[in-house]
């Protein structure tokens, strides 16, 4: 007879299996897409290099710092309850690095590396060019044209209402119309950080004479506060729609089946082609350079002319389809891989904590809230007049006050209406681009 194993004992095979399962479980934990053990090793290497002043003060060292922090903060921001629903990754990626600089956690070696990447090598401008050009060229042309026609009145009405409310409430609290408009209202409705705040900061710096980082720290707080309240308003509109079925299109914006079919058509996703992505890099760089060239003759900041020229080329259908696909694939790669790392760089260099604290106050927050309420309220009532469902119209118009594509996702998720994404993109991209262009022209006019 074989020996009977004692109760509670584990055979060597079972022990090996348990250890293997534990090892696999640990490797299944991820920070972003990186297994936790590997992420830990990478982080330790980078931290030690920075501590012993061996971190290269160039693009390599800069990317190492912003990537290791951006991957971590973006992942954590997507996991924390409540925070994840109000733009957590963006908030953490911008402000945690700012705290690290304020409390001298990051040494001069790390700061030099990030400075060389963001300022000397101008990764910031490269990111802006890829996002703006790729997002515009990648839009469905029919949706772009028809969406602009359909959303023109609600967008214009919402923008006018937001501007009027912001200036009026600002006046009550002692803000000048100039400060309320250019530093509170405009950042909220500019289309996010990458495609709104950053081009704006460049334009403001060229017109007013200070460096772009000065304006980033002044513009970002309004954009983030506006985004948070826009998400809250979207959730409240969902509750209103649940209680009032007559106001609710259940995800349909217009009271016309044919019109909804136009906006819901999807183009087949092209297979990823790295050569086309390379062409996308060339297109993004050239559009940026073209904007700078035109600036010499038109006297409008190059970043704004880049937006206008990309939209004009898309509207005229000039580029071969595969070139547009290359620019769009590059846009998706850059936006999905470098958004949180870039915001880490912005937080380190462009958002001094003391400057941000000096901007935010109770009146400032109330002005931001009034802008969003005016935007969503105008969308509601204009939607009623234009054969749209008021709840959906209000939610789509509300996207104009969110943090770009990230804000669109958060707002539509909070309202349970992800099917409105094509309209949200029109509201955010075209509305944001229009805001940036108009604000720049007006600022030039008032300071000339």
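Quick reminder: no glycine exception, Cβ is built from N, Cα and C everywhere.
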Field: Residues flagged as transmembrane segment in Swiss-Prot, choosing from 60-80, 249-269
entry: 60-80
Message: In Swiss-Prot, one of 2-22, 86-106 is tagged transmembrane segment. Which stretch would that be?
response: 86-106
Annotated transmembrane segment segment (source Swiss-Prot; candidates 276-293, 384-401): 276-293
Query: Apart from its near flanks, which chain residues at least 6 from the ends of the transmembrane segment (359-379) lie with a Cβ under 8 angstroms of it?
result: 154, 157-162, 164-166, 168-170, 173-175, 180, 184-185, 188-189, 217-218, 221-222, 225-226, 229-230, 233, 237, 393-398, 400-401
